[in-house]
Amino acid sequence: MGSTSAENNGTGDNGTTGVGRRALIKRSAALGLISVPTMSFLSACASGGGDDDSGENEGKTSESNPFGVKEGSKLDVVIFKGGYGDAYAKAWEADFKKKWGVSSVHTGTQEITGKLQPRFNAGNPPDIVDDSGAQQIPIDVLAKNGQLLDLAEVLDAPSADDPDTKVRDTLIPGTLDAGMQEGKVVALNYIYTVWGLWYSGKLFEEKGWEAPKTWDDFLAICKDAKADGIGGLAHQGKYPYYINVAIMDLIAKKGGLDAMKAIDNLDPKAFVGSDAATEAIEAVYEVVEKGYLMPGTNGLTHTESQTRWNQYKAAFITSGSWIENEQLKTTPADFDMKFLPMPLLPDSALPFEAIRAGSGEPFIIPSKAKNLPAAKEFMRMMLSKKWSTIFAKEANSLTILKDGVDPSVQLRPGTQSTVEASKAAGDNTFRFLYTEWYSEMGTAIENASNELMAKRIQPKEWLKRAQAAVDKQAKDPASKKNRRD
Amino acid sequence: MRKGQHRFVAGFLLFPVALYLIFVIWPYIQTFGYSLTDWKGQSQTFDFVGLDNYTALFEDDIFMGAIWHNILFLVFIPVITILLALFFAFMLNAGGRGRSGGVAGVAGSKYYRVIYFFPQVLSLAILAVLFGAVYRSDGGGMLNGALIKLGLVDRDSPVEWLNEPNFVLWALIAVVVWHGVGFYLVLFSAAMQSIPRDIYEAALIDGASRTQSFFRITLPLLWDSVQTAWVYLGIAAMDMFILVSTMTAGDYGGGPDHHSEVMSTVMMRNFLLYGRSGYACAMGVVMLLLTLIVSVVMLRATRRERIEF
């Protein structure tokens, strides 16, 4: 749709996209389809809504009010009410009202798609959305439909804490990447996340194990664990996303950033013909073959497998840093949850400390939001120290704001260990983007991993299937627009 | 009809027919319209692509596999459910020993009737959770737990019921049958009770065995109900979305590696996750057509002469 400013929404609809629709109507009318009335009805909604309200919600801009928030206007906020709850958002909204006199309509839900797809199609989306969870609307799909505001304006505005710094420069480097679609940041992935393995400090102390730094040490602990009657590695088998994190991390650490970019850039040798990929997948398969997986883990959901791990039924589990908050209720008080960067294969390009780090929980501003000024301001305030601290307190997690948490907040052991791991990693962080860009390719590779973990295919076949998924995606002309250097 | 009566009838029908047109027929037409476009699902901008989506469908191995799974369900779910329901219904109504000369069900049939109906009371979502626990892939699962205790399964390699290409469809069929038998049992029981007792008694006097009276009397007189059951179960087998999407692996289910995929799960994944909504609409149209064909074929194939009594 292309139009990003509020004023253009109405005309943009009739101008650029009108042609396509009109042509379609003509053709479908010729075919005897009577789909015309609804479509013109829907577009009437879309353009009508945009025209009336954008002016209404526009206030005067000033240095402290860069977007022109208008007092007394309303902000429509939709929050994914999952592992992090939505108490943090309510606290934000209260603060927002106090500061700007803008009251909000709050919706906390898990059914993002069910609630929002009709609204996006009718052209009256909310003003700001936390588009996450199992029923999120994929960001790549929304972006392809032209529904997302380019967030550059917010990111280039002065920070709420320091008027001399741009918002962009107050964030942990690299955390905006996950929200990039076709070269623009269209989603703000708000939560700082690290991915890797997790273990119980208590269990390791009891058994006298050291956190392994190499793959061989890792296998040795798995062997010990098996001898003691517990599983080595647990994973959330019903959702192969998780084991893929381990496989891809091994590839990136072994082959370096080039091996990772080859996958994201749909290289014809991303998997087949890549030594890093071959060694990584063989290493993971070794775990399967030697029987070091927690029995039955291939069929368990995330809750089931993580709970088993909390009951000391496995030494390691794969996950991102949301696991601590997700497992709050089942984690024993003395469990001492600890994060572990992926152990190294021999002759790896990246050091052991290197971690997959980035951001999750995408917040978006729909391009057709009615109260764009307030939505932008809301996002700017999300990236203030005050709101970031509110989030850490209510949701036990770090945000992408540098030093964004007030020292008075006591972090839980798992989160504390990720803070230390991030410090140790320094600039040695990496992050795959194909999952964000190509939902279909991601799913195909996950399926192959599921088969590998169940021993139904061998590493060679896995490489072939992963490469086939890459090659198929590369054929889609839209994939030319995504590229990382 | 007398003049004016038509208008009178039409007056009453207007409202329900309008509802039907707006909420059933109109969405079908819209779906068909969208299926000829490259609609991406989250905005009203799209182009007309003709029948491209339909030609792509027939080259889509995953969707074709899904159709085969639906056909498998279509064959086995109705057959197993109806056979079991008929057997139980017969036992409850006419399977008992002939006490005091009459025809009666097995002892305690009143209680069985209620107990068999229990599963039907559960919603599909609860059913999915319940059987998730039954089929759970580690020692904590009901089946695995029992098999491990009996020493039939190794503790270190439990059966991953829903993660086994060879088991997953049968595991799902078992759930549907368990859920459905009670309902059709009640349906058949009601029909059996309307069969006059004297027919059975006459057969009994003539020396008919239980099997004979079932095949010669009960089944022919129940045919209408069986036919209805067949169509209902057939339509359910063409859907299966809730169970497959919640119980099996993958987004919207269908795992492992598409081995339990049904048409509706492929459709939802394309519609929402991949943003190929126009393509998904084409799948919806194909599903509609197949379901219609199945219903018509089943009604035709089971048509028989009606016996008046």
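Cβ coordinates come from backbone N, Cα and C, glycine included.
Per TrEMBL, the feature transmembrane segment maps to B:7-29 (among others).
Taken from TrEMBL, the feature transmembrane segment applies to B:67-93 (among others).
Annotated domain 'ABC transmembrane type-1' per TrEMBL: B:67-298, in sequence order.
Feature annotation from TrEMBL assigns transmembrane segment to B:114-135 (among others). Through the fold, the transmembrane segment (B:114-135) approaches residues 88, 141-143, 161-162, 171, 175, 178-183, 185-186, 242-243, 246-247 of its own chain, all at least 6 residues removed from its boundaries and within a Cβ separation under 8 Å.
Beyond its flanks by at least six residues, the transmembrane segment (B:167-187) meets 69, 72-73, 76-77, 80-82, 84-85, 88-89, 92, 113, 116-120, 122, 124, 127, 131, 135, 159, 161, 225, 228-229, 233, 236-237, 240, 243-244, 247-248, 256, 259-260 of its own chain at Cβ-Cβ distances under 8 Å. Marked as transmembrane segment by TrEMBL: B:167-187 (among others).
Per TrEMBL, the feature transmembrane segment maps to B:229-250 (among others). With a cut-off of 8 Å between Cβ atoms, the residues of this chain six or more beyond the transmembrane segment (B:229-250) that come close are 70, 73-74, 77-78, 81-82, 85, 124-125, 127-128, 131-132, 135, 162-163, 168, 172, 175-176, 180, 184, 187-188, 256, 260-265, 268, 287, 290-291, 294-295, 298-299, 302.
For B:277-299 (among others), the entry in TrEMBL reads transmembrane segment. Long-range neighbours of the transmembrane segment (B:277-299) within the same chain, counting only residues 6 or more positions beyond its ends whose Cβ lies under 8 Å from a Cβ of the stretch, are 28, 31-32, 34-41, 46, 49, 53-54, 56-57, 63, 67, 70, 74, 227, 230-231, 234-235, 238, 263-264, 266-268, 270-271.
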